[in-house]
Amino acid sequence: MTTNARTCPVRSFSVATLLAIVLLPGAPARAADTGDTPPIPDTLQQRIAACTSCHGVHGEGRPGSGYFPRLAGKPAGYLARQLQDFQNGLRKYAPMEYTVRQLPPAYMREIAEYFAVQQVPYARSPLPPVSAATLARGEELIAKGDPARKIPACSSCHGSQLTGVEPSTPGLVGLPYDYISAQLGSWRTHTRATVAPDCMAEVASRLGESDITAVAAALASRELPADTHAQPAGSVTPPLSCGVLGATGDPS
Amino acid sequence: MKWLRWLVPSVALLVVLALGWVLFGGSRSRPTPPVASKVVAATLRDPALIAKGEYLAAVGDCAGCHTEQGGARYAGGRALATPFGNIPVPNITPDRVTGLGDWSFEDFWQALHSGKGRHGELLYPAFSYTSYTKVNHDDALAIFAYLQSLAPVHQPAVAPALAFPYSVRNSLKAWRALYFREGEFKPDPAQSAEWNRGAYLVQGLGHCNECHAARDMLGGTPQDVHLTGGQIPMQNWYAPDLSARKNGGLEGWSAQDIVDLLKTGQSAKGVAFGPMAAVVSGSTQHISDTDLRAIASYLQSLPPRAPMAEPGTPFDARTLSTQGEKVYAKHCADCHGKRGEGVAGVYPPLDGNSSVTEPTGINATRMVLLGGFAPVTAANQRPYSMPPFAQQLSDGEVAAVVTYIRRAWSNKALIVRAEAVSDYRHTPVD
């Protein structure tokens with residue numbers, strides 16, 4: 001009967017159609033008199049067209065645009081947290097706030113898990129012209145940080161390969177330069193925030209403009225590791241206490 | 001000579017303000033301390049009364065305004081943007097310093113029924129006492145008992161930011177003389193109990209007319225204008241006419257269609273979106289089936305409307321529509337159907353949909369730009385959604401496709417121009 005409902009043009013409300021609707025609640029819905037319009041699949045992918053039109057059907061993002069970040073493969077805990085932060089106005093971007101404003105936690109979690117398990121190849125984005133010295137400074141911040149200014153290394157939280165750490169720390173590789181530098185700027189101007197203690201806000205506040213350019217350029221120009229999956233939970237010991245990782249105290 | 005158009009209403013406004021000042025000059029009342037209230041504390045702790053109040057607070061969608069984005073429910077802390085300036089939304093949890101902790105029921109009744117604060121100060125009608133005045137005493141008491149049962153949250157109100165002369169509270173005397181008629185709902189004995197219940201909810205707590213009627217330049221709605229549709233100031237959505245009869249915004253809607261939309265967020269005729277999506281999620285989905293049927297019964301009794309003037313065909317309508325038809329085939333037809341028929345229970349029809357054909361074109365334009373999820377309700381917890389096209393389509397393409405859907409099939413509405421799309425593209429989303 002599934003086949004029947006999928007392939008036969010439904011021109012009248014026949015007994016078979018009625019049975020198909022009653023017996024198969026998951027059967028694709030379609031307008032009663034349109035054999036020529038493809039049926040609407042009852043899938044999460046279909047339901048979240050509002051997400052995939054910008055972030056891609058598999059969360060691949062739009063690398064060429066500089067914004068609309070890749071979601072595929074990011075830890076589900078991280079993605080769900082971002083949706084909550086947009087909903088609560090901690091993270092500011094009007095179209096995202098509008099889109100997620102009503103969504104219940106269970107649905108946001110389901111959407112986060114959908115993107116977390118997607119596996120699509122990374123695409124490279126264009127880099128602005130930066131000097132070798134800038135790139136070297138960026139690499140230094142990534143690997144060692146700047147202890148004199150209490151800036152921890154990116155890798156100390158985001159993983160040795162910068163592919164993120166389960167369940168809540170995002171990867172930093174394969175993101176466009178424009179996106180990374182805009183996010184670091186947003187942390188500094190408080191248009192991006194998360195639950196306290198907001199350790200990333202602390203780190204960003206210690207970065208200068210030139211540091212942001214350097215680290216964003218270095219991250220965006222990095223070769224991707226062979227394994228781009230996030231590291232297992234508990235495989236790093238963050239130097240700051242972070243609300244997103246369950247801490248409740250002071251960030252530093 | 002454009003300034004002349006503003007001169008007359010401005011002078012009229014000043015005259016009315018001065019008159020209001022003279023006629024209704026300054027009486028202030030004192031708050032009633034809770035100990036001096038006629039309502040004893042034990043009454044306010046009655047679980048049945050509190051439960052009734054919780055239901056009524058949902059019907060009135062009190063939390064919709066009195067909650068900040070990401071903030072504690074009912075704790076206020078935000079400002080409501082109006083054409084006259086920003087009005088702080090107060091904390092209505094029972095915090096003694098920043099909320100209603102020291103309020104008596106008499107104080108609450110004075111606010112809800114008379115639009116006056118604890119000290120007799122006139123309240124700005126962003127608090128819709130023009131509607132709430134119709135709420136009866138027992139229901140007001142239940143709501144008060146519920147609010148007093150909440151956990152107190154300490155959250156001071158933000159500072160008001162109103163332009164002169166609106167910053168002078170006494171200017172409201174004139175406004176009230178024009179637009180406010182104090183008085184509880186009076187049942188119409190010629191109508192059924194169901195109709196009267198619906199009228200009471202729609203006109204009172206539901207405060208439907210606050211959005212679904214046009215406001216004039218003083219932000220008021222004339223007394224004889226009832227649910228005839230209007231543009232919501234600042235938010236820039238069009239709240240459609242609610243008559244289900246000839247030429248009404250809900251023409252062709254059955255009582256069940258109205259109940260379905262309010263209960264689930266969607267009906268066979270359309271889907272709630274924009275501010276109404278929040279109203280459905282936060283308020284109407286929680287209304288009992290009996291009350292929803294009463295609301296539908298009342299709305300179905302609203303009179304037929306005069307036909308809108310048949311729009312002429314501007315010279316560029318055909319070009320726009322032809323271009324729009326191509327955009328529609330590429331981006332819209334897979335979900336909304338080649339003939340705008342929609343998919344039952346999933347995607348709304350566009351043919352005969354009053355949100356598509358409403359007078360301004362705002363709703364269809366902004367839906368195309370913003371997309372979004374259908375309301376989340378108990379009946380629809382994983383709603384389908386529409387992609388936002390702001391990033392994909394130019395102003396010209398949006399104007400073309402909106403013009404097409406407003407004039408295709410049985411729809412006969414005015415065209416939308418690219419300049420208007422450009423304006424709505426920059427309307428803040430709230």
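Cβ coordinates come from backbone N, Cα and C, glycine included.
Sequence annotations record features per position, and here TrEMBL assigns domain 'Cytochrome c' to B:48-151 (among others).
Taking Cβ-Cβ distances under 8 Å and a sequence gap of 6 or more within the same chain, the neighbours of B:C62 (heme c 1 binding site) are B:Y74, B:I92, B:I143, B:L147. Per TrEMBL, the feature heme c 1 binding site maps to B:C62, B:C65, B:H66.
According to TrEMBL, the domain 'Cytochrome c' annotation covers B:193-303 (among others). Across the domain 'Cytochrome c' (B:193-303), DSSP classifies residues as 47 helix, 8 strand, 56 coil.
The heme c 2 binding site annotation in TrEMBL covers B:C208, B:C211, B:H212. The local packing around B:C208 (heme c 2 binding site), expressed as other Cβ atoms within 10 Å of its Cβ over all shown chains, amounts to 22.
The domain 'Cytochrome c' feature in TrEMBL is assigned to B:319-409 (among others).
Sequence annotations record features per position, and here TrEMBL assigns heme c 3 binding site to B:C332, B:C335, B:H336. Long-range C-beta contacts of B:C335 (heme c 3 binding site), restricted to its own chain and to partners at least six residues apart, with a cutoff below 8 Å, comprise B:G342, B:V343, B:V346, B:Y347, B:M386.
A straight line from the CA of B:H212 (heme c 2 binding site) to the CA of B:C65 (heme c 1 binding site) spans 17 Å. Per-residue confidence over the domain 'Cytochrome c' (B:319-409) averages out at a pLDDT of 96.
In the three-state DSSP assignment, the secondary structure recorded for B:C65 (heme c 1 binding site) is helix. Neighbour counts of Cβ atoms within 10 Å were taken for the binding-site residues B:C65, B:C211, B:C332; the minimum is at B:C65.
For B:H212 (heme c 2 binding site), other Cβ atoms within 10 Å of its Cβ number 25. Of B:C65, B:C332, B:C335, B:H336, listed as binding-site residues, those near chain A by the criterion of a Cβ under 8 Å from one of its Cβ atoms are B:C335.
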